[in-house]
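K.L.:
Below is a structure I'd like to ask you about.
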Amino acid sequence: MARSINLAVIPGDGIGQEVVAQGLKVLSAALPSDVKLETKEFDFGARRYHATGETLTDADLDALKQHDAILLGAIGDPSVPSGVLERGFLLKLRFAFDHHVNLRPSKLLPGVETPLAGQPEIDFVVVREGTEGPYTGNGGTIRTGTPHAVATEVSLNTAFGIERVVRDAYARAQARPRKKLALVHKNNVLVHAGHLWTDIFNKVGEEFPDVTTEYMHVDAATIYLVTQPERFDVIVTDNLFGDIITDLAAAISGGIGVAASGNINPSGAYPSMFEPVHGSAPDIAGQGKADPSATILSVALLLRHLGYEAEAARIEEAVSADLAERVGKPARSTDEIGDALTVRVAG
């Protein structure tokens with residue numbers, strides 16, 4: 001394990017500045033005294049776009065590549081046309097750094113309300129393929145603006161891309177107590193891509209005899225996520241289905257305000273990026289109202305990815321305890337929550 005962490009910090013837009021500041025405080029408190037934390041802040045997002053017209057240049061990628069990991073606050077602002085920052089920054093970074101595993105833990109934490117009846121046991125992880133499917137930009141339009149307009153959006157699925165994300169999901173399932181893995185797709189209709197996913201899922205599964213597996217159509221999965229969320233342990237799925245069901249998973253486990261995520265390059269060839277699922281929330285930016293818990297839980301994912309398991313667990317335990325103690329109490333500011341969690345983590 002490296003005894004230093006060289007971290008790229010991207011506060012981004014809106015509340016990103018506020019929540020990332022709290023995440024860094026907790027990160028510093030969690031690290032052992034002999035681990036040196038070095039950070040470099042990058043000004044990406046709406047402000048830079050308006051000033052320069054740039055989102056993410058090749059020189060930016062070269063600079064980011066020198067770091068061990070990336071912590072992102074939020075990217076997005078209503079002053080920028082829709083899709084400009086998403087494609088020009090987020091997707092460009094994902095493809096450039098081969099972040100082919102999008103990791104989304106979904107756990108109902110103490111003191112957090114779920115819209116589901118009762119208080120079901122919710123503790124699973126979605127492993128979403130991040131660099132293929134219909135998000136590769138493979139498509140086009142003709143006869144645009146006419147009654148005969150045609151648009152195509154091609155879903156790209158390769159055996160190489162599928163196998164590596166499926167293998168990652170099996171390894172994560174193997175490491176969890178329940179050792180269960182579900183493949184979610186729609187292979188009865190999307191027969192070409194669906195059968196490729198299914199065949200590779202079954203073949204890789206032969207190497208993981210301790211992992212119990214099942215296949216589930218995506219429409220059935222959305223039902224079971226609501227009616228039987230406790231049946232899930234690890235889910236692996238493609239880019240599009242993963243984009244949809246991870247938001248449903250966040251909704252049933254307390255909302256995106258406490259949802260963390262990681263965009264992972266498991267090989268370590270490029271730094272992985274960790275971020276809260278919530279957006280930039282420009283309507284409350286600068287008011288101290290943003291809850292930094294999702295960012296702080298993303299810091300825990302970052303530490304676990306870098307090999308600091310005990311420190312990651314300590315952060316998660318601190319957030320759980322803090323959430324449990326909030327019930328029935330007045331809302332606190334962003335700084336107050338961050339300060340309280342920093343004290344808990346520091347011990």
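Glycine too: its Cβ is placed from the backbone N, Cα and C atoms.
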K.L.:
According to Swiss-Prot, Arg94, Arg104, Asp219 bind substrate; identify which of Arg128, Arg143, Arg231 is listed for that same site.
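P.N.:
Site partner of Arg94, Arg104, Asp219 for substrate, according to Swiss-Prot: Arg128.
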K.L.:
Between Arg104 (substrate binding site) and Asp291 (NAD(+) binding site), how far is it from one CA atom to the other, in Å?
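P.N.:
So the alpha carbons of Arg104 (substrate binding site) and Asp291 (NAD(+) binding site) sit roughly 19 Å from each other.
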K.L.:
Have a look at the binding-site residues (Asp243, Asp247, Asp283, Asp291) and report the one with the fewest Cβ neighbours inside 10 Å.
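P.N.:
Result for the binding-site residues Asp243, Asp247, Asp283, Asp291: minimum number of other Cβ atoms within 10 Å at Asp283.
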K.L.:
Can you figure out which of Asp243, Ala285, Lys289 (the binding-site residues) comes closest in space to Arg128 (substrate binding site), comparing Cα atoms?
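P.N.:
When the Cα distances are compared, Asp243 comes out closest.
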K.L.:
When a 10 Å sphere is centred on the Cβ of Arg94 (substrate binding site), how many other Cβ atoms does it contain?
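P.N.:
There are 18 of them.
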K.L.:
Given Ala281 (NAD(+) binding site) and Asp219 (substrate binding site), what distance in Å do their CA atoms have, once rounded to a whole number?
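P.N.:
Here the two Cα atoms are 30 Å apart.
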K.L.:
Measure from the CA atom of Gln287 (NAD(+) binding site) to the CA atom of Lys186 (site 'Important for catalysis') and give the result in Å, rounded to a whole number.
P.N.:
44
